[in-house]
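Here is what TrEMBL records for this protein:
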- B:12-37: transmembrane segment (TRANSMEM)
- B:65-83: transmembrane segment (TRANSMEM)
- B:95-111: transmembrane segment (TRANSMEM)
- B:117-140: transmembrane segment (TRANSMEM)
- B:149-168: transmembrane segment (TRANSMEM)
- B:202-220: transmembrane segment (TRANSMEM)
- B:249-267: transmembrane segment (TRANSMEM)
- B:279-295: transmembrane segment (TRANSMEM)
- B:302-323: transmembrane segment (TRANSMEM)
- B:329-347: transmembrane segment (TRANSMEM)
Amino acid sequence: MSDVFRAEGLGKTYPGVRANDDISFSVGAGEIHALLGENGAGKSTLVKMIYGLVRPDEGHMQLSGTPHAPADPRAARASGVAMVFQHFSLFDALTVAENIALGMENPPPRAELSRRIAELSQAYGLPLNPARRIASLSAGERQRVEILRCLLQNPRLLIMDEPTSVLTPQEAEILFATLRQLAAAGTAILYISHKLEEIRTHCDRATILRHGKVVGTVDPRAHSARELAAMMVGAEMKLVDRSGRKPGDVVLDVKALSTPAATEGVTLKNISLTLRTGEILGIGGVAGNGQDELLAALSGEITTPHGTVTLSSADLSALGPDPRRAAGLLSAPEDRLGHAAVPQFSLTENTLLTAGGRQDIVKRGLIDHNAARAFAESIIKAFDVRTPGPGTAAGALSGGNLQKFVIGREVLGGPKVLVVNQPTWGVDAGAAAAIRQALLDLAAKGAGVIVISQDLDELLELSDRFCALNEGRLSPPRPTEGLTIDEIGLMLGGAHGMEVGHVPA
Amino acid sequence: MFRLEPRASAPLLWQVATPVMAVIATMITGGLLFAALGFDPVASIRTIFWDPLFGPASGYSRPQLLVKAGPLILIASGLALGFRAGIWNIGAEGQYIIGAICGAAVALAAYPHEAFWIFPAMIVAGAVGGWAWGMIPALLRNWFGASEILVSLMLVYVAQKIAAWMAFGPMKNPEGFNFPGSRNLQQYPAASNPELIANTGLHWGGIAALVALVVTWFVMSRHILGFRIRTAGAAPRAARFAGVRPERLVALCLGLSGALAGLAGLFEVAGPAGQITESFGSGYGFTAIIVAFLGRLHPLGILLAGLLMALTYIGGELAQMMLNLPASTVQVFQGMLLFFLLGFDILTRYRIRRRA
Amino acid sequence: MIDPIAVFVLLLGAATPILFAALGELVVERAGVLNLGVEGMMIGGALAGFASAHATGSPALGFVAAAIAGAALSMIFAALTQFLLSNQVATGLALTLFGLGLTAMFGKPFEGVKAPSMMAGPFGLNLMIWLGLLAVPAVWWFLMRSRAGLILRAVGENHDAAHGLGYPVRKVRIAAIAFGGAMAGLGGAYISIATVLQWTEGMTAGAGWIALAIVVFAQWNPWGVLAGAWLFGGVTVLQLRLQAAGVAVPVQLLSMAPYLATIIVLVAISARQKFGRSGAGSTPGSLGQPFHALR
C-alpha cells in the first residue's frame, strides 16, 4: 500500500493554545483512515492545514511523494485534495449545479456540467437534480451535493469531516458503501469522527489525537470502543449513575401541537407527548427535523393554540417564556452563543436571561446586581465552571464550561420540567459526563426532563423512553431498554429514499 | 503583518480612549484640510474648538453651547436606546420637525389667548407628534417587515415638505406681509420657551435633556427593560428566549426616540427658532446620530459628545465670520469624526497582534 | 394635451439617476454588503461631474470624473467596513453625512454656473439614458451567467463557505463596493449635468435613499430595478405635470409623492415577502454582516 498523504512533525500554535504538536501520520491509497479525537483535540486545525485554510508553523506534508504546502484551498484542490465539511459549505440560494461549479477550478459549460453531474450521481447512487436550489434539499441530499462536488475533481485524498452527524444510521450505511467504492478505485480517505462504533466497523486504520498530539495509530477493529475512548480521553470514562428514579404523575402534557407553516425552519405537525415526574424522555432525530422548533414551542418562544401545552393542569400554550418559567417550565436551547447565553455579556448578566424571576434577582423591574452575582457564583461553584469569576464574558469560556453554566442556571432554578436541546454538543468528555449526571440527578429529585439530542448513545444512556423527531412529526414513545440502533434508525425515518450505489468498482 | 483577534468583551479603557482619539484625529485631518484650502490650520482649529469657550467673543458664544447641545442630547439619548437594541431610527430629523409643527399648532390655535396651560399643552403636542411620526416606521416594520431605516428616512423628506407647506400655507403669519413662516412664538409669552437663567442659554429643552439623560441612564443600568434592550441588540435570539417581544421593543424604541425628537423640535420652535419656516429642520436629527455614537450610546458619553458637537457648530459659525471658512466645514468635521470613531472602534472589539 | 411619448421620455430621464445608483447598490448587496452611503456618493458624483464638465466643457469627461469620485468615496466605506470591520449601517450613514458636507464645502464656487449641453443620442435620448438601459441586461448577465458573478453571489450568500472554498471574500466585496460607488457617482452626475443643469447644495434630495429602497423592491433582481426606477420616474413626472397643470393641491404636498410612493412600494414588497408563499425570499444570506476569517 503506497502512501497518498504523509504528514511529518506538523505544528500550529494559536495565541495561548498549542493546537497541533508534532503530528505525523500517513494515509495509503484505497484506505479509509480515521482521525479520532475529542472536541478541541486539534482535528479541525490539522484538516485545515491539509486543505490550505491554515498554514502550519512547523513540519511538512507530502501528497503522492511530492511536497504539499497549499497556499489556499484552491491550490489544495488543484493538487488533488477534496473536502466535505461538517457544516456544509453550500450556498442556499444557488442551484446544485452552481454550487458544484463553485467547488471546481475550471468548470465545464453549464450543459456539460449538468450532464456530468447526472452521470456521476447515477454511478454512485446519489440521485440529484442539478437545477434545484440547495434551500429545498434535505440534509442528506445536501451532503450528496458536497460529495459530488468532490468526486467531480477525481481527488487523490478525500477528507470527510464528521459526515454522519446529519445522517440516520441507514443513510450512514449508504455513505460508507459509497466510500468503499471510492477507496476500491484507489482514493485515500481521511475520515474524521468521534463516533467509535462507526470507526470500528468501517475504517482500516485510526490515528488518535489528544491535546493536539498523536496518541497513536491503531487498527480500530483490534480494539474495543472502550479502549479507543480511553485513548481519546486519556482516562477511563466514568459511568453515569442512573439509580434512584421513579416515574410519578404526568407533569407535562403536550396535545396535538402544530405550528403554522413558516417560510423558514421546520413546521411541527401534530405533536403529542406526556412526561411524568422523575422521568427522562429522550427525543432523537437528525439535525433540522424540528428540534429547535420543538424547544421553542415548549420554552414559549413560539406560542400555540389553547390546550396544546399543559403543565400540572395549567394551560401554558398562550404564554411567553417569562410566565412559563414562573410556572416551572425551564429550558436550555442548543446554541450556547447567542441563544442560551449572550457571548458579550458577563456570566452575572447572563443569569438575568432566565433566572431574574425565579431567583428574586429582578423585583418590580429593578435589577439587584448583587443577587445576580451571587447566583452566578453559586452556579460556578455547584457545576465546577472553570472561569476567573462571574464578571467574565460568556464568550470567553470554553464550550464545556459555558454549557455547564447554562445547564446549571436552569437546574438550580428548581424546575418542574426542564427541556434541553443538544446538552453536550461540542463539549469535552468530562463536562459532558457532568452535565448528564446533573440531568439524571434532577430527575431523581422528581423533575421531568426532556432531552432532545442527535447523539443516540447519549439518549440511550439517559432516557427512560425514546421518541424520534422526523420532519416535524414525533413518533410514539418506546421504552429505551432493549431498543437497538437499527430500530432507532428506522424510527428516525430510515434512509430518506437514498439508494445504494450500484456500479461495478 | 497584523492579525485581529476578537475580544470577548470591550475593555473600558478603549471605550473611553477611542472617542478621544477620534476627536484628535479629526482635528489633525481637519487642520490638514484647512491648510490645503489655504487657511492657517492652527488658527482654524483654535477658532472652532477653543475660541467659543475662551476666546474674545466667548461671552456671546458660551450660552449658545447649551442652546445647541440641548436638542442634540435630547434626541441622541432617545436614539441611543434604539441603536443599542439594533433598531435604526435615522429619521429623527423628521420627528423633530413634526414635533415642532404640532407644538406650534397648539400655540397658533390658542393665539392670542394667555393661559398657563398653553405651554404644557404644546409640550404634550410636540411629544405626541414626534411619537406618532416615529410610530409610522415602527408599525410598518412590525406589520409588514418594512425596513425602519428607509421608512424613517423617507419620512424626513415628507416632514420637510410638510414644514414648507405649513410655512407657505396653513401656518403663514397673517400679519407677516405675505412672507412665508409662522408667527414668532418668542413674542407670544404664553407659548414661548425663554432663557431660564440669563446668559446661560439654558431653556426648558436643556432641562428636558438632563431629565432624559438621567432617566435613560437609570433604565439602561438598573432596570430590566434596559437589559432587554441590550440583549436584543447583542443577541436577538437570546432576547426572544429571555421573553422579549421584538415588536414591542421596536414600537417602544422608535416611539420613545420619536417623542424625544419631537420635544426637541417643540422647544426649538418655541425658543431659539421662534417660528416654523420652510427650512425649519436644521440637521439636529442627523447630528444627534453622531452624538449617540460618539457618546458610545452611554448617557454620560452623550452629554459630553453633545457639548462637543455643539461646540463645533458654534466654532464653525465663528470660523465663518472670523476666517471666512465655508459654513459647511462643521458637517465635514462631523462626518470625519464619525469615520474616525468607527475606524478606531476596532481597538475595542479586537486585539491587534503582530503576525508571527 | 399630454403626449404619451413625451411623458415617457421625461420618465426615462427622471428614472436614470435612480437606475444607475440602484444597479450599483444591487451588485454591492449581492456581494453581501449594505452600503447606506449611496446618497453621499451620488452627491459626490454630482459635484465632481458638474465641476469637471464645467471645467473641460465636456459632459463625457464629467461623467468619467463622477464615476471616479463615487468610487473614491466608496473606498472610505470599504476601508472601514472590510479592514476595520466597522458597522455597515453606521458607516454608510457617516458616508452620506460626509458626502453632503464635503460637497457643500467644495461646491460653493460652482453655484449659479451653467452646465455644458449634453450630447444627444439615438431617438433624441442622451447617451447616458441608453447606457443606463444597457446596464440592466449587462448586470443581469454578469450576475447570473458569468463565473465572476457566480463567485460574487456566493460571497454574498455565505461568506464563510466562500472563504472555505478559497474565494477572496474581501477582495470581491471591495470590487463590488467600488462598482457601486462609480454607479452612484454616475447617477448623481446625471442629476447635475443632464437634469438640473446646475449645481445646488444637497441637490440629490434623497435619490440615493430611494435607490436603496428600489433594490429591496426589486428583490435584488436587475430587471426589478428597472421596473422600480421607471415607477419612481413615472411618479416624479406625474407630480411635476400636475404642478404645471395648476392642480389645487399645494406644490409642497405634491412634491412628497416620490417619497410616499417609495414607502408604499417598500411596504408592499416587504408584506409580500413576509406573507407570501414565495419561499425564504431573495435577500442575500450574508447581507450586512461583517466578515472576519479566523486564521
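Glycine residues also receive a Cβ, built from the backbone N, Cα and C atoms like all the rest.
Automated prediction, rather than curation, is the source of TrEMBL annotations.
Two recorded stretches are said to be in contact when at least 3 C-beta pairs lie under 8 angstroms, sequence spacing 6 or more; the transmembrane segment (B:279-295) and the transmembrane segment (B:202-220) fall short of this definition. When Cβ distances are compared across the two stretches, the transmembrane segment (B:65-83) makes contact with the transmembrane segment (B:249-267), since 3 or more pairs at least 6 residues apart fall below 8 angstroms. By the Cβ criterion (distance under 8 Å, sequence gap of 6 or more), the transmembrane segment (B:302-323) is counted as touching the transmembrane segment (B:329-347), at least 3 such pairs being found.
Contact count against the transmembrane segment (B:117-140) (Cβ pairs under 8 Å) is highest for B:249-267, out of B:12-37, B:95-111, B:202-220, B:249-267, B:329-347.
Between the transmembrane segment (B:95-111) and the transmembrane segment (B:329-347) there are fewer than 3 Cβ pairs closer than 8 Å, counting only pairs 6 or more residues apart in sequence, which means the two stretches are not in contact.
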